[in-house]
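Visitor: Submitted below is the structure of interest, expressed as structure tokens.
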Amino acid sequence: MPASQPRSRARDRNNVLNRAEFLSLNQPLKGNQESRSSSRKQSGQAGAAGAQNSSPKERRQSQQLPEEDCMQLNPSFKGIAFNSLLAIDICMSKRLGVCASRASSWGGARSMINLLGITGHGIPWIAGTLICLVKSSTLAGQEVLMNLLLALLLDIMIVAGLQKLAKRKGPYDINPGLLDYLTMDTYAFPAGHASRVAMLSKFFLNHLVLAIPLRILLVLWALCVGLSRVMIGRHHITDVLSGFVFGYLQFRLVELIWMSSNTCQMLISIW
């Protein structure tokens with residue numbers, strides 16, 4: 001026994017973990033434990049005193065904070081689904097933005113795609129409607145053109161208001177053009193060109209006598225203009241789809257407030 005005790009002592013001295021810098025890892029020092037316990041007691045006493053002095057409303061808010069944190073850390077199924085759809089929308093829109101810049105895969109066709117987008121812009125349509133209204137000599141034609149002008153103005157105001165509320169940026173950092181600033185079409189949601197072409201195509205299909213090939217071309221034109229806005233990187237896919245929906249709703253609104261021939265004649269005489 002006496003011989004084994006010096007051996008165990010020597011073994012303990014040679015053990016690296018028994019050195020001073022490793023003692024806190026194996027076995028915390030008593031002084032540290034006492035200081036920690038005293039600090040915990042003091043903080044607990046201070047917290048209890050603060051809880052007694054705080055109002056019941058503040059206590060309820062402090063009790064609700066962990067629940068709010070848990071809700072943020074564990075989002076609901078609707079939040080996860082919405083974020084997933086939003087991520088898919090952004091990814092697909094960026095992939096379809098093949099004409100977003102000159103360096104893109106279809107960068108050479110950017111000017112042609114921009115020209116297609118101009119056909120759905122509000123300024124050319126308003127100017128063309130005014131010219132046709134001045135040259136029109138029939139009451140039926142003037143009635144249709146006056147209501148078309150009303151529909152175009154309503155489209156610009158509604159889309160500009162919705163874009164100011166949403167303030168959604170496009171998938172690419174592309175500055176709006178001069179015509180876009182004139183019609184206040186500076187944000188992405190909803191797509192103003194898509195709402196306009198949807199409203200115009202529905203308006204012409206209802207109030208003009210067109211052959212079947214022209215009706216098909218009119219629908220294809222609306223779809224191509226909406227797709228062009230995604231290809232140049234100005235809008236997401238959901239922006240264009242929502243623009244189509246808002247365009248149809250605007251057409252229904254114009255149908256509800258349709259101006260009669262007498263009202264149109266009165267407005268023309270004032271103008």
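Cβ atoms are placed via backbone N, Cα and C, with glycine included.
Caution: TrEMBL annotation is automatic and unverified by curators.
Annotations for this protein, taken from TrEMBL, read as follows:
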REGION    1-66  region 'Disordered'
COMPBIAS  24-34  compositional bias 'Polar residues'
COMPBIAS  40-55  compositional bias 'Low complexity'
TRANSMEM  112-138  transmembrane segment
DOMAIN    143-255  domain 'Phosphatidic acid phosphatase type 2/haloperoxidase'
TRANSMEM  144-162  transmembrane segment
TRANSMEM  203-228  transmembrane segment
Visitor: In the domain 'Phosphatidic acid phosphatase type 2/haloperoxidase' (143-255), how many residues does DSSP assign to helix, to strand and to coil?
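Guide: The composition, in the requested order, is 84 helix, 0 strand, 29 coil.
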Visitor: Looking at the domain 'Phosphatidic acid phosphatase type 2/haloperoxidase' (143-255) alone, can you tell me the average pLDDT?
Guide: 92
